[in-house]
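Going by TrEMBL, these are the annotated features:
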type     : residues : note
DOMAIN   : 30-549   : domain 'Major facilitator superfamily (MFS) profile'
TRANSMEM : 30-55    : transmembrane segment
TRANSMEM : 67-86    : transmembrane segment
TRANSMEM : 98-117   : transmembrane segment
TRANSMEM : 123-145  : transmembrane segment
TRANSMEM : 157-180  : transmembrane segment
TRANSMEM : 186-207  : transmembrane segment
TRANSMEM : 345-369  : transmembrane segment
TRANSMEM : 456-482  : transmembrane segment
TRANSMEM : 527-545  : transmembrane segment
Amino acid sequence: MVEGGIAKADKTEFTECWRTTWKTPYIMRLALSAGIGGLLFGYDTGVISGALLFIKEDFDEVDRKTWLQSTIVSMAVAGAIVGAAVGGWINDRFGRRMSILIADVLFLIGAVVMAFAPAPWVIIVGRIFVGFGVGMASMTSPLYISEASPARIRGALVSTNGLLITGGQFFSYLINLAFVHTPGTWRWMLGVAGVPAIIQFALMWSLPESPRWLYRKDRVAESRAILERIYPEDEVEAEMEALKESVEAEKADEAIIGDSFGAKLKGAFANPVVRRGLAAGITVQVAQQFVGINTVMYYSPSIVQFAGYASNSTAMALSLVTSGLNAIGSIVSMMFVDRYGRRKLMIISMFGIITCLIILAIVFAQAAIHAPKIDAVESTTFAPNATCPAFAPLAVPNAPPSRWNCMKCLRSECGFCASGVQPYAPGACVVLSDDMKATCHSRGRTYFKDGCPSKFGFLAIVFLGLYIVVYAPGMGTVPWIVNSEIYPLRYRGLGGGIAAVSNWVSNLIVSESFLSLTHALGSSGTFLLFAGFSTVGLFFIWLLVPETKGLQFEEVEKLLEVGYKPSLLRRKNKAKDVDTA
């Protein structure tokens, strides 16, 4: 270890992970069993995007009220904030395994409540229970995997949790498509989440606690027994010695500050190692959300409809592509995170995200500018009492019919019945109602209420896909890896909980405000705003987040003791020291 820097880690090929787990399948059993929490995390955050389309059809008040749609989506996130906060305490007090078991129970309760919900408020209650489970799983599953993994393949194994999160989102879109024409549609979509929760509960019941947590609780023999099943025989003693050194240092710290939650919280912020770990951990978690990823995952079908694809089935099918790319990106992360490092992957990912967001802003701006015109004659003669109330040329002298297009019609809370001859020809601006939608369809036309037919729609889908491709391998999985390994053992549950809370608070802000932002700024302005947030996030990742690939937990702790500075700043400081001399 060199002051201000990090020890050189051996390059770990992706195949090393498979070689190790092939020789010791118990490691993969631990990782995959805990990773089902990631699958549930991904499923319950992804499934709502498709289910919401059909909830709106069953409940008129949800269709009319944008804030109610946002609440149904974001209440799971609000629940996750509480789940992550309480989960940190449960992790340290009762163990990682117990936290996962409790999360499974919460997932199951939430799924059952939503499946039988008679009213929107009951769906919201179910989403809150699911959120509790998501919050606990989001920080416990990677932590359990991390502490049960050899350091040389830890990043790849923790990435399996990221793969299962994105796999869960992909699976949720498949389930959405499978139940499109089934009676009960959204009830099945939301209720299916109970099945993996039951499976994980059964698997985790038969698995041991984290060896590091056991050692911390003076259950040394149990800890050794598990490490002997994870590490080669010649490495077990060294791992036990490293654990002993780390735990003794933490117990000495505990003797000074105490063991209550308040004392531990105070001690965490008084400890420079934990403070620096939290600065890095919170930075990557907040940045992960403010690139706008969960607006894409929660509202993907809606965004596709903004791009001009009106059909629910078409929107969900195209959304399946984006979630599939997200899952593939997680596999790429598993291949490279232990070879090229966490920091490098995140920085490259952020550059790609910013580029895609700027291009998406341009594409949606062009789509709005070139939206189909409004045919004044059709709009007033299409059907009795069908004309959009806002489409009154005499009442709006500064916006005569010649200046109206589809986008202005939709922003006036009306619907656009496209031309039956050509999709981009002028159409009728009519009232927003199910009856008008049926009338439009009966005449062989397409009814638009969320987006306009556009020649640029295809480009929007392409760059949404590219956005996912550059997001998933870096910012998609790496923040969870960083937070599973950057805190001292005594503060690992607390630190991971605080960082997870910051992630879910950021998620709540972004998901709750997305529909309102698109209404106020348009899709173009919203994506441009996310590009600005991403640029700020990139700077702080470069400034605060160290590289931890290939390092033992104890080495990460020593790295943070001296403080981290980017190599550019270290060179400048050295140059100043030379000038002073």
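Quick reminder: no glycine exception, Cβ is built from N, Cα and C everywhere.
Curation plays no part in TrEMBL annotations; they are all automatic predictions.
Below 8 A, the CB atoms of the transmembrane segment (456-482) and the transmembrane segment (30-55) form no more than two pairs separated by six or more positions in the chain, fewer than 3 in all. Across 67-86, 123-145, 345-369, 527-545, the stretch most heavily in contact with the transmembrane segment (157-180), judged by Cβ pairs under 8 Å, is 123-145.
Between the transmembrane segment (30-55) and the stretches 67-86, 123-145, 345-369, 527-545, the greatest number of Cβ pairs separated by less than 8 Å involves 123-145. In the predicted model, residues of the domain 'Major facilitator superfamily (MFS) profile' (30-549) average a pLDDT of 82. Taking pairs at least six residues apart, the transmembrane segment (345-369) and the transmembrane segment (527-545) share three or more Cβ pairs below 8 Å and count as touching. Only residues 6 or more beyond the boundaries of the transmembrane segment (67-86), in the same chain, are considered here, and those with a CB under 8 A from a CB of the stretch are 44-45, 48-49, 52, 55-56, 61, 103, 106, 120, 123-124, 127-139, 294, 298-299, 497, 500-501, 503-505, 507-508, 511-516. Proximity of distant same-chain residues to the transmembrane segment (123-145), defined by a Cβ-Cβ separation under 8 Å and at least 6 residues beyond the stretch ends, is recorded for 30-31, 34-38, 40-41, 44-45, 48, 55, 71-73, 75-88, 90-91, 96-97, 99-100, 102-107, 109-115, 117, 157-158, 160-161, 190, 193, 197, 210, 480-481, 483-484, 492-493, 496-497, 499-501, 503-504.
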